[in-house]
Structure formats: C-alpha cells, structure tokens
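Down below is the structure, laid out as structure tokens.
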Amino acid sequence: MKLHEHQAKTIFADAGIPVPDSRLATTVDEALDAVDEIGYPAAIKAQVHVGGRGKAGGIKIATDRDEAEQYAEEILGMDLKGYTVDQILVEQGVDFVDELYVGVTMDRGEGQPVLMVSTEGGVNIEEVAEENPDAIAREHVDPAFGLHPYQARKVVYEAGVDADVALDVASILTTLYDLYEENDASEIEVNPVMITSDRDVIAADAVMNIDEDALFRHPDLAEMAEESYEDDLERKAGEYGFDYVRLSGNVGIIGNGAGLVMTTLDLVDYYGGKPANFLDIGGGAKAERVTKALDMVFSDENVDAVVFNIFGGITRGDEVAKGINEALEQFDEIPKKVVVRLAGTNAEEGMEILNTDLVEVEETLEDAVQRAVKNAEEVTQ
C-alpha cells in the first residue's frame with residue numbers, strides 16, 4: 001500500500017523528522033486559505049502515486065496569491081500520468097542550497113534491509129542507480145541485530161555528505177529505519193532532503209510503502225488504506241483480493257501467478273506494446289473472479305486490447321473459460337478485443353468452452369501477445 005506524501009509526512013513529523021509546514025486542499029479556495037496561513041513562497045503539489053510529478057507539471061512554486069490560485073486551478077483535476085489529481089498539498093517553500101537522497105528498502109538479493117544515501121538528491125534515484133551506481137552509498141542491516149547507530153553515520157559519510165550536517169542526516173536515516181521496521185514498510189525514502197543556508201536539514205518529500213499483508217498489525221495505517229487508493233480500479237482490486245498495479249500503456253494483461261503476469265508484461269514490451277496493468281487473479285480462480293478481473297480491465301479507459309494468459313495448475317482452464325464467457329456475455333458489444341491463451345489443467349476443455357465469437361484464441365503465449373499488441377495498435381491508428 002502506497003501512502004500519499006501528506007500521509008507519510010504526518011508519520012515522519014510525529015517521529016521527529018523535520019518537515020515543512022503544510023495543508024491538504026481539495027479545492028482552490030482551500031488552497032488559498034492554506035497559502036494565506038503558510039505564506040510565500042509555497043509549493044503546490046499534486047497528491048498522486050507517481051514519480052516525476054515536477055517534470056509532469058504536478059508541482060509548482062507560487063510566489064504570490066495570484067500564482068497560488070492559478071497553479072491550484074491547473075493542478076486540481078489534471079491528468080497526471082493516468083491519474084486524476086483530486087487533492088493537493090500546499091507546503092511552505094524551502095530556501096535550500098543542497099539536496100540529498102536518503103532511503104531504506106529491502107535488498108532481496110541479500111535478504112536484508114539496506115540503507116541508501118546519495119548527494120544526487122532531487123532527481124530520479126532509479127536513473128542515478130543505473131547511470132552512476134557509485135553515487136549511492138549503501139549499508140545492509142542484519143535484521144537479527146537491527147540497526148547500529150554507527151551504520152547510519154558510516155553510510156552518510158561514505159556518501160560524501162558535508163560534515164556539518166552529516167549527524168543530522170544520519171539521525172533522519174536512523175528514524176526512517178525505525179519507521180520502516182515498526183510499520184512493516186517495504187520502502188521508505190526522502191527525496192530530496194533539503195539543506196538550507198542555515199544548515200538546517202528538512203525532509204521536503206516523503207515516500208512510504210507498506211506491506212499490505214501486514215496491515216492487520218497496523219489498524220492506524222489500515223484506516224489510511226481507503227484514502228491511499230488513487231481510483232476505483234485500485235479500490236476494487238483491494239476488495240476483490242487481486243494483485244493489481246496500474247501502468248501507463250494500453251494493453252490490458254490478466255494472468256494467474258505473479259511470474260506469469262510479469263512474463264506477459266515483458267513480452268508485450270518486447271513486441272512493441274505498452275502494458276496497461278499488472279493483474280494477477282491468483283490460483284484456483286473461479287468464474288466469478290475472472291468476470292470481476294475482466295470488468296476491471298474493461299473499466300480502464302486507457303486499455304485498447306486485452307491478453308488473458310492462464311497456465312492451469314490449481315486454476316482450471318474450463319473454469320477460466322466459463323468466467324470469460326460469462327463476463328463477455330454481459331456486454332451488448334465487446335468494448336475491447338480479448339486474446340486468450342490457455343495451457344495446463346483442463347486447457348483443452350477450456351478451449352472448447354470459449355466462445356470464439358467473443359474472443360480470439362491462441363495456443364502459444366508469443367502468438368497471443370503479438371495479436372493483442374496488434375489489436376491495440378489498430379485502435380490507436
């Protein structure tokens with residue numbers, strides 16, 4: 001579960017991490033009331049779960065009331081990488097002289113949490129990791145012993161952080177690790193940490209992702225879950241128990257098993273398409289769940305074509321086929337072309353059940369993906 005920036009900053013502030021004064025607004029009038037209280041300059045920030053908000057026009061700095069009104073009007077309701085902005089954070093501007101990145105995530109290769117610090121703050125850290133990996137200092141933490149204070153100081157100094165603010169940055173990093181551990185987070189970061197001319201250290205942004213399977217241990221975070229969903233599709237996925245991630249492409253993808261869905265995503269990209277989503281219906285999916293999955297994908301206006309990839313183990317091909325037929329029979333006109341590939345348990349029975357007037361059937365995954373990509377291209381031409 002991804003927390004919004006304002007939610008994560010509330011948690012950070014409660015833990016003692018310095019954050020700018022801010023107010024949440026859902027209307028232009030609320031935004032103007034907020035800047036009247038906070039003063040100028042003020043950052044007007046879209047609250048959506050996407051990276052690169054600034055480059056996409058989702059963050060603006062207002063220096064007076066007219067600009068604040070203009071930017072609030074522009075950002076509220078805008079489409080930001082497929083998400084509609086319905087709330088903004090109005091935040092006190094920070095006069096900074098330097099920017100850093102600090103974060104904690106799980107290194108799955110090592111099976112341990114890893115602290116990360118870089119003086120390349122304020123930019124996409126994934127790009128830094130790819131283009132200049134040495135610019136990120138790392139320190140693994142043995143979960144059996146926890147974080148030792150010297151480890152935070154060590155990784156901060158190794159990153160080349162100025163000595164006069166290094167201890168303050170190490171303190172923020174230590175607190176982030178504590179929050180990471182206490183809240184069953186999968187990722188927590190600040191990008192950027194801003195250093196002011198007075199050498200104050202301020203968390204100007206906040207990212208905090210929580211393991212949804214651990215929410216039963218955190219009722220306070222569970223209460224944030226409803227607000228953290230960006231749209232009805234994510235909300236539906238949570239209700240249905242699907243693993244769902246919305247992407248920016250136009251080829252809808254449904255499968256059973258995370259690995260199978262990821263393989264399908266890779267093939268869509270390989271054959272020149274753009275995946276619109278990751279949707280795993282899980283093992284043993286009955287017709288009802290398949291119907292719900294198709295309904296979800298059809299509801300995404302960005303989807304132009306759908307590929308359904310099922311390998312039967314626990315999931316029976318005949319049940320999946322029934323679900324596909326039931327879902328498609330609900331429509332007077334099929335809204336998107338659907339390509340189906342079935343293999344494994346009861347796959348032959350499933351292929352016979354499928355109504356080929358409603359779907360296109362392919363025997364191999366490669367053929368199914370190529371047809372779906374072609375179908376999507378035909379819609380956009």
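If you go along the chain as it appears here, the first residue is 1 and each next one adds 1.
Including glycine, each Cβ sits where the backbone N, Cα and C put it.
According to Swiss-Prot, the feature domain 'ATP-grasp' maps to 9-236, an assignment based on sequence analysis. The ATP binding site annotation in Swiss-Prot covers K45, G52, R53, G54, E91, V94, E99. Sequence annotations record features per position, and here Swiss-Prot assigns Mg(2+) binding site to N191, D205. Residues or ranges marked as substrate binding site by Swiss-Prot: N256, G313, I314, T315.
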**Under 8 Å by Cβ from G52 (ATP binding site), counting only residues of that chain that are 6 or more apart** = K81, N124
**Request:** Just report the maximum Cα pair distance in Å for the recorded ATP binders K45, G52, R53, G54, E91, V94, E99, no decimals.
**Result:** 19
**Prompt:** Largest pairwise Cα distance, Å, within the listed substrate binders N256, G313, I314, T315?
**Reply:** 10
**Request:** In three-state terms from DSSP, label E91 (ATP binding site) for me.
**Result:** strand
**Request:** Name, in the order they occur in the sequence, the residues of the same chain whose CB lies under 8 A from the CB of E99 (ATP binding site) and which sit 6 or more residues away.
**Result:** G121, G122, P192, V193, M194, I195, A204
**Message:** For G313 (substrate binding site), which of the three DSSP-derived states applies: helix, strand, or coil?
**Reply:** coil
**Integer Å distance between the CA atoms belonging to I314 (substrate binding site) and N191 (Mg(2+) binding site)** = 43
**Complete:** Among D205, N256, G313, i.e. the binding-site residues, the one with its Cα nearest that of K45 (ATP binding site) is D205
**Prompt:** Given the binding-site residues G54, G313, and counting only Cβ atoms in the protein chains shown, which has the most within 10 Å of its Cβ?
**Reply:** G54
**Item:** 10 Å Cα neighbourhood of N256 (substrate binding site): matching binding-site residues from R53, G54, E91
**Value:** none
**Request:** Fill in the CA-CA distance, V94 (ATP binding site) to G313 (substrate binding site), as an integer in Å.
**Result:** 55
**Request:** Would you pick out, from the binding-site residues K45, R53, the residue whose Cβ has the largest number of other Cβ atoms within 10 Å?
**Result:** K45
**Request:** Report, in whole Å, the straight Cα-to-Cα distance of I314 (substrate binding site) from E91 (ATP binding site).
**Result:** 50
**Request:** Take every residue in the domain 'ATP-grasp' (9-236), average their pLDDT values, and give the whole-number result.
**Result:** 93
